[in-house]
């Protein structure tokens with residue numbers, strides 16, 4: 001007689017073993033209809049799972065946090081069923097859930113076309129409308145291998161052969177299609193209504209370029225029509241805002257094959273870059289950071305001592321000279337410790353905060369490169385704080401204040417915080433991990449900042465906090481981080497003299513706010529759709545004459561504003577003023593100044609904004625004040 005405890009604490013007693021779906025039906029027919037799966041004693045199970053003894057049960061519906069993953073995983077199987085129905089000779093491989101959707105890899109004799117994709121999606125809809133029941137069975141590993149070999153699914157059989165022989169495996173069947181999966185899955189295909197196939201791409205079998213090229217079909221799936229429509233709208237917005245397109249449109253940067261993953265900054269783009277660098281230099285100096293600069297190319301012996309040569313060797317660019325091996329630095333931390341080690345430090349010197357606009361190179365796979373968002377050469381707003389263990393909380397608190405101020409200045413208010421705790425493989429004592437994790441959590445709690453734990457996701461050398469920004473169309477970008485490191489300072493012989501005269505190893509806090517300049521600028525381009533706030537705009541003002549008669553005066557205005565430190569250009573072309581205004585509006589210049597005979601006589605300018613608002617006539621000095629006020633707001637409303 002199982003007693004089922006529900007999330008609200010209420011209990012229901014049943015005379016016989018009962019399925020999750022039947023419990024839902026006992027609660028009410030509406031819940032039964034909405035049931036996708038269940039969570040029994042913390043484990044996700046199918047709606048048809050039988051509960052034989054007392055248990056805690058949560059019913060998973062589309063409104064549950066787990067519901068969307070069940071829908072997406074089940075839709076991946078629906079995709080595979082549709083492909084096998086239309087292309088029986090295709091072989092299935094893997095089909096995991098990813099952010100916002102899923103994919104499934106297929107081996108097939110020819111490339112899938114856009115027409116194929118449309119036909120597959122249509123077939124998926126037909127299979128959904130048939131409301132085919134989904135059932136589960138369990139087989140020993142060797143029987144599962146034989147089953148998939150017998151139906152010609154060699155890739156699937158190969159996957160199963162890599163699983164230990166003593167394991168049983170679950171298979172899910174819907175109609176005449178059966179696939180390997182841990183589950184859970186929806187009770188029937190009729191639960192899968194709101195999906196869209198997005199694209200086809202190539203993917204190597206098992207991710208190895210030496211293996212066969214497969215075809216990866218990407219799709220998205222949602223719990224309801226509204227969410228699907230909203231997601232597709234976000235994709236349209238993201239396409240319009242693609243930083244690669246806007247970078248070309250606004251002449252900010254380019255990339256080319258001769259230097260893959262490395263940015264060629266144009267004058268306008270470099271103007272944005274240097275504005276950010278100057279700003280970060282100022283705020284870090286004001287917050288007690290000492291700026292340093294360390295070498296680009298360092299002997300392998302340092303990377304061996306730091307552990308990077310063993311753990312990160314494939315991601316490093318290396319060079320040999322005079323029988324010595326060097327690496328172009330992929331990160332700055334070992335070099336910062338070398339600066340710390342110059343001269344014995346006392347506890348009175350701590351905390352010591354180093355900052356570097358550190359140029360790094362990582363040998364990312366060419367297929368992972370994406371515009372300036374994922375590159376091989378990048379600059380970090382990198383910093384390392386050397387402190388005693390008992391200072392971790394206060395340093396994290398100070399850093400968090402700085403991070404929020406910076407994000408607000410760039411126009412970001414919505415910050416998502418995650419705290420990653422100890423992984424299975426780690427260094428340091430449990431006591432030190434306990435104290436460090438508590439210090440990070442206490443620093444966030446003391447400020448009333450909401451955060452979620454990511455158990456086991458910390459680095460091997462210590463726990464970390466990650467800060468992600470939500471942009472204007474709802475996308476989330478991980479940018480900032482602060483990480484506790486017990487390991488590297490000891491490996492590289494960092495010490496300080498404690499108050500009792502003993503030699504102790506400092507804790508090192510790795511920290512960044514923007515992450516990489518390249519990626520952060522890409523985020524800004526897309527967030528603002530190229531319309532940078534005035535303080536960042538590569539050209540803050542354009543001065544335009546109506547006729548040649550005002551050309552000299554327009555140049556005088558430009559020089560006057562430029563001497564005030566503003567970024568100003570003039571447009572003296574013999575074109576109609578309406579044409580000039582339209583062109584510079586398209587280029588998203590924040591302020592457009594028009595000068596005619598009247599403005600020239602009155603030493604004034606007619607002011608328009610890129611949004612098309614006519615601000616009227618200002619004296620040059622008054623406009624300079626208006627512009628200075630606008631710049632001073634930075635990205636804040």
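From the backbone N, Cα and C atoms, a Cβ is placed for every residue, glycine too.
Because the structure is a prediction, the values reported are computed rather than measured.
Going by what Swiss-Prot states, the Zn(2+) site holds 333, 384, and the candidate of 233, 243, 510 recorded there is 510. The 10 Å shell around the Cβ of residue 510 (Zn(2+) binding site) contains 22 further Cβ atoms across the protein chains shown. In the three-state DSSP scheme, residue 333 (Zn(2+) binding site) is classed as helix.
The Cβ neighbour count for residue 384 (Zn(2+) binding site), using a 10 Å radius over every protein chain in view, is 27. Note: the Zn(2+) site is recorded as 333, 384, 510; in the same chain, 331, 332, 336, 382, 383, 483, 485, 488, 508, 509, 511 also have Cβ atoms within 8 Å of that site's Cβ centroid. Under the three-state DSSP scheme, residue 510 (Zn(2+) binding site) falls in the strand class.
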